Amino acid sequence: MATLDEKQLNHVADSPESQSDGDHPDIDWTPEEEQRLLRKVDVLIMPLLILAFFALQIDRGNMGNALTDNFLKDVGITQNQFNVGQQLLSAGIVILEIPSNLVLHRVGPTLWIGGQIVAWGLVATFQAFQKGLGPFMVTRLLLGLCEAGFIPAALFTMTRWYKLDETSKRFSWFFLGNMLAAACSGLIAYAILHMRGVANLAGWQWLFLIEGIFTVLVGICFLVFFPNQVSNPVSLSGMRYFTEREAEILYNRVMFDDPTKAQPRRKVSGPELKAALTNWRLIPHIIFTIAALSPSSTLSSYAPSLVASFGYEKLQANAMVSIGAWLLIPVNLLWGWLADRTKVRGPWVFLALLIFWGFNLGNMLLIDSQRTQRFAMLTMSVAFSFPWHPVNGAWVSMNAKSAGERSITMAMLIMAANCSGIVGKQLFREEDAPKYRQGWTVITGLVTAALVCGIWANVQYYILNKRRLKRTGLKYQY
């Protein structure tokens, strides 16, 4: 396969226009060829990653549905103990997030991601048989440890297949799996929870069994069909999806766009790890990720119970919660499209945070209003809960200077997202039920802090780019 040699790549990397319009003299393919190949990559890569994220969110979020089926009483735990268990899941993810991505570089995405899916699917399945506080805590922690690193690994894998100005939209597509799961989980749970009594099992036990087995099957499909890497796009089962000509274009087009992707090393170097961990520009991104995702973490566990507390029937509440999640899907896709279309990310992140702040303020102010008003405000909060998140991921990814630094940067961002789970799982306390006045006040404060950090991130790149343009002629992605 005719690929770019090291000398060519160094020349491209040193050029300020290396990430521009594709008019490089060594390009020997037409725009039409590239577009056809891009569509083929979309069909092969994205559905499996989206399906895997769907399975992840189903297994991570079905505890909220289980709460409406006497889960606490059946297992023998309190609401506050339940909150601690949910925190352990997030803690497990945080603990192994960076180590997981270090292993990714050695093992490769197909084997590592596919193995992860099967592992957490097995844990999710067998949690149907938990009884008592100890088993509940252990299964929550194990689920988090097995899921650790999946999201940043998937995001990093996408950056290897796509050019920089193609990532925001694909990141939004990837998070579609999360949102589809949130939208469908209530409807799926509404059906499965009616199986209470079948084979002497509770409805929540059937929920874990069915959804866990589904995840294991997704993992097997991923191992069989996913092409391992852009330089050798063949699946573990030996399936070849691209002709030699297509494979050449596939590799060279992303290398011209970002020559750092040509690095052959199968590990992250010490300097790359240090560069990511000491990158002070990430500070506002990390803070507003924790602050703005904490409410989403709270709602993922308690939205069905909240709707039931408004006066709606418990199982019906699971289906009603899905309305906001369905609305989130087009909002998320729109934000990703706008970011790639306008080639800016920061302003769109800030706008989404501002809208989310407004609806959370409404939840706090309307806490004593009629149930229809409260349900409408809760629904809109869910609908705008995180269209900014995938765009923010693309934003920080594009500013990484190497493949290794990009991998660790994505892991740090997702660690921050899971730290929000540790915070968010304690915002609705048993003693604050059923209206959770204190909880909604804290949520509004957190999103206010996120909004301030969103301004900070935008301003810092504006100032840094003015200096950097004068010094080098280059600028940070903004």
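Backbone N, Cα and C define each Cβ position, glycine as well.
Because TrEMBL annotations are produced automatically, they should be read as predictions rather than curated entries.
The following features are taken from TrEMBL:
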type: REGION; residues: 1-29; note: region 'Disordered'
type: TRANSMEM; residues: 41-58; note: transmembrane segment
type: TRANSMEM; residues: 141-159; note: transmembrane segment
type: TRANSMEM; residues: 171-193; note: transmembrane segment
type: TRANSMEM; residues: 205-226; note: transmembrane segment
type: TRANSMEM; residues: 315-335; note: transmembrane segment
type: TRANSMEM; residues: 347-367; note: transmembrane segment
type: TRANSMEM; residues: 408-428; note: transmembrane segment
type: TRANSMEM; residues: 440-464; note: transmembrane segment
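Packing against the transmembrane segment (171-193) from elsewhere in the chain are residues 46, 49-58, 61-62, 65-66, 68-69, 154-155, 158, 203-204, 206-207, 210-211, 300, 304, 315-316, 318-322, 325-326, 328-329, 332-333, 335-337, 339, 382, 386-387, 389-391, 393-394: each is 6 or more residues past its ends and has a CB under 8 Å from a CB in it. Non-local neighbours of the transmembrane segment (408-428) in the same chain are 83-84, 86-87, 89-91, 93-94, 97-98, 100-101, 144, 149, 151-152, 155-156, 268, 272-273, 276-277, 279, 282, 285-287, 289-298, 301-302, 389, 392-393, 396-397, 400, 436, 439, 442-443, 446; each lies 6+ residues outside the stretch with a CB under 8 Å from one of its CB atoms.
Same-chain residues lying 6+ beyond the ends of the transmembrane segment (205-226) with a Cβ under 8 Å from its Cβ atoms: 45, 48, 51-52, 54-56, 58-59, 62, 65-66, 69, 109-111, 113-129, 188-189, 192-193, 195-196, 198, 235-237, 239. Within its own chain, the transmembrane segment (315-335) has Cβ neighbours under 8 Å at 65, 68-69, 172-173, 175-176, 179-180, 182-187, 189-190, 193-194, 303-305, 307-308, 348, 352, 375, 378-388, 390-391, counting only residues six or more beyond its boundaries.
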